[in-house]
Amino acid sequence: MCCTKSLLLAALMSVLLLHLCGESEAASNFDCCLGYTDRILHPKFIVGFTRQLANEGCDINAIIFHTKKKLSVCANPKQTWVKYIVRLLSKKVKNM
């Protein structure tokens with residue numbers, strides 16, 4: 001009888017723990033860039049971008065480029081090549 005109660009209590013605690021972990025994970029589905037790439041990306045590999053702003057929950061401003069291979073690459077928005085690609089992609093969207 002004692003073992004059954006302990007087993008039931010352990011099972012209930014496990015279910016509760018899994019439920020709580022699932023909720024906290026869903027609430028934080030946004031990843032922040034912590035640094036920038038050292039490489040210059042070619043525009044032909046980039047399909048889109050997202051702006052990350054430091055005042056919206058992340059530590060640094062960044063441009064997150066989305067590649068054809070479904071990778072996310074963090075880039076410094078102050079660099080010339082980053083500004084060029086953002087301008088290029090923005091023009092493509094306007095012309096659609």
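Cβ atoms are placed via backbone N, Cα and C, with glycine included.
Lifted from Swiss-Prot, the feature list:
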| type | residues | note |
| --- | --- | --- |
| DISULFID | Cys32-Cys58 | disulfide bond |
| DISULFID | Cys33-Cys74 | disulfide bond |
| SIGNAL | 1-26 | signal peptide |
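Using a 10 Å radius centred on the Cβ of Cys58 (disulfide bond) and all shown protein chains, the other Cβ atoms total 15.
All protein chains considered, the CB of Cys74 (disulfide bond) has 18 other CB atoms within 10 Å.
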